[in-house]
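Chemist: Before I ask anything, here is the structure I am working with.
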Amino acid sequence: MNGEADCPTDLEMAAPKGQDRWSQEDMLTLLECMKNNLPSNDSSKFKTTESHMDWEKVAFKDFSGDMCKLKWVEISNEVRKFRTLTELILDAQEHVKNPYKGKKLKKHPDFPKKPLTPYFRFFMEKRAKYAKLHPEMSNLDLTKILSKKYKELPEKKKMKYIQDFQREKQEFERNLARFREDHPDLIQNAKKSDIPEKPKTPQQLWYTHEKKVYLKVRPDATTKEVKDSLGKQWSQLSDKKRLKWIHKALEQRKEYEEIMRDYIQKHPELNISEEGITKSTLTKAERQLKDKFDGRPTKPPPNSYSLYCAELMANMKDVPSTERMVLCSQQWKLLSQKEKDAYHKKCDQKKKDYEVELLRFLESLPEEEQQRVLGEEKMLNINKKQTTSPASKKPSQEGGKGGSEKPKRPVSAMFIFSEEKRRQLQEERPELSESELTRLLARMWNDLSEKKKAKYKAREAALKAQSERKPGGEREDRGKLPESPKRAEEIWQQSVIGDYLARFKNDRVKALKAMEMTWNNMEKKEKLMWIKKAAEDQKRYERELSEMRAPPAATNSSKKMKFQGEPKKPPMNGYQKFSQELLSNGELNHLPLKERMVEIGSRWQRISQSQKEHYKKLAEEQQRQYKVHLDLWVKSLSPQDRAAYKEYISNKRKNMTKLRGPNPKSSRTTLQSKSESEEDDDEEDDDDDDEEEEEDDENGDSSEDGGDSSESSSEDESEDGDENEDDDDDEDDDEDDDEDEDNESEGSSSSSSSSGDSSDSDSN
């Protein structure tokens, strides 16, 4: 290991400190000769290599080997020696060329001596006297005493030392200016780079200002004293005062960017990225403070559950933080669906208000700041994302990832076992941490008999087989097990835990023990209700598990395509027009989807026949306008887009036929349209459009004449509703597809009720 000798050798002690015969050129020649005589694989510490050096081979001109060795010792004392001799010589060459570069400039014999500070003048004057008075004291103790004495000096006596310091300081500055004139080459070497100084942070600007103020009052204060005095003041500043320095820092940042861009144009060889120039000097907290004072609105909770928790936690300051989320979750589960929907509506309203306020805030900002805020808020796709409560979350990434999505690894038998038993163990042994709980579950799994393990392995095999069957584009999160069934005691505990925690002052362990005792002392009649609920939960679990094992139902795999400029499809009949009107005006937004469709059906039954005819005429008029607009739009398409549109319509018909079953009337229409297209190729596009409209008309007629059949009214209405919502709200296609399926199944009750009504009216 390379290392510096602990003590100098006799040769080093005897080395002369100045040899006038050696010029800079001679010293560089000496180092070059030494370099040429070094071994090729020099990896020893420098002293070892130096001891094996043949100095007679290094000798040159009139300089003998011994003279070269002495000069080398003198030079090597000026450089760091924790290296090999090869590295040392390179450093020595640099030192010979620039002996006073950087911090070594002050070692130059002509460099003026810096004046002593007022305190050091006092210290040097009194030290000898105090050392005689207290010979037993160490230098450190003497320094402490003299420092204290200096602080206790009256200002009049201190002024004597300060004036002497200022007088010598002026003289030093004059001598320094003279030194710079006499040695311009040294000053050039010591000069710092001309790259513009980086901008300071708000705290640095404040500290520099406060330091100047502090030194005016106490010019003799040390750097440590200044830091100690100002250290904690920044964090105690009011927001208003801190904003002042934030604005100054931003102004300085802007000036720096302009200067730096000019500098880069003059020095293109510098590799400085734009990111390095525009890097912010504000912390996240400072940026948020500035935005808040500029009028940026506070972001609302992402969903109804978070909103509920935020409101509940405001009144739970006395509850330990570890218990708050548990209580919130339990209280949320006890809410009725109507109460949850109210929170959902409230959350949606807060989001809408927030978006309006944020857009107003963005308008007041310059373009660069707008981009920053948009990036932070992730608002570039804000209209495509709808946050829902935990109870109504749906996978929104089914079609987005496509074939590039990495398949999810099926859960193992041990994982299935752990998920079933974890909740029970958490309640029985709440003192265990998550890691301890996992280790305990692993031991329990190992202790299970093979017969019991076989049950979980069968579930694992079923999940694995299902994962392999699933096509790549339609992967769902089916690997997750349904929520484990709860025991009767668990369901009862969830309903009463709030009361018990309040009784035992949020001591969960005591509350659980008390609940356990109460449950054990309860009569069977009292437990019966909870036992029934547990049985229902068990059935639910088995049903969901069997659904998960079953192969996925065949669905329409064709992705809904969007064509730019395509006219919006209007309602097919009076009932759909009536439904669209009620859904778009927001009158039924407070109801869940199923209840909305039921309410629409009942309202349709209650309106008069003349009103129904009015809606029917409106739908027919919109259909006529739609045909004209669609015809013009199709003719305006390029040949490639037209072909793609035709293919999409054709596939859509095929899929709808598969879902609805055979329809002789539509099949005759299709055959007829095919024969027409074969006879006249020039009118192929128009025929296709007419064919589509004929089919739409037939569907509309059948839904009106037949009384809004379950398939036509619910399916077409939901499809049209989705297309309108898609254009208005710009939602994801996956959400539209999900809603289509919901409406198809859920609209049957309303449509069937309306069918009776319309058929009655026709008969009348």
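The backbone N, Cα and C atoms fix where each Cβ goes, glycine too.
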Chemist: Which is it, of 174-204, 267-297, 546-576, that Swiss-Prot names as region 'Disordered'?
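Modeler: That would be 546-576, per the region 'Disordered' entry in Swiss-Prot.
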Chemist: May I ask you to indicate which of 1-21, 106-126, 589-609 is given in Swiss-Prot as region 'Disordered'?
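Modeler: Residues 1-21 are the ones Swiss-Prot records as region 'Disordered'.
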Chemist: Under a criterion of three or more Cβ pairs within a distance under 8 Å and sequence separation of at least 6, are the DNA-binding region (482-549) and the DNA-binding region (568-634) in contact?
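Modeler: Result for the DNA-binding region (482-549) with the DNA-binding region (568-634) is no.
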Chemist: Just the number: how many Å between the Cα atoms of SER433 (phosphoserine) and SER638 (phosphoserine)?
Modeler: 65
Chemist: Where the distance is taken from Cα to Cα, which of the modified residues SER364, SER584, SER638 turns out closest to SER336 (phosphoserine)?
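Modeler: With Cα distances computed to SER336 (phosphoserine), the winner among SER364, SER584, SER638 is SER584.
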Chemist: May I ask you to report the DSSP-based helix, strand or coil state of SER584 (phosphoserine)?
Modeler: helix
Chemist: Between SER484, SER546, SER584, SER638, which of the modified residues has its C-beta surrounded by the fewest other C-beta atoms within 10 Å?
Modeler: SER638
Chemist: Reported as an integer number of Å, what is the Cα distance between SER638 (phosphoserine) and SER412 (phosphoserine)?
Modeler: 53
Chemist: Determine the most Cβ-crowded residue among the modified residues SER336, SER412, using a 10 Å radius around each Cβ and all protein chains in the structure.
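Modeler: Per the Cβ count within 10 Å, the most buried is SER412.
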Chemist: Counting only residues 6+ away in sequence within the same chain, which have a CB under 8 Å from the CB of SER364 (phosphoserine)?
Modeler: ASP294, GLY295
Chemist: Compare the Cα of SER484 (phosphoserine) against each of the modified residues SER412, SER546, SER584 and report the nearest.
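Modeler: Its closest listed neighbour, by Cα, is SER546.
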Chemist: Take the C-alpha atoms of SER412 (phosphoserine) and SER546 (phosphoserine) and report the distance between them in angstrom, rounded.
Modeler: 17
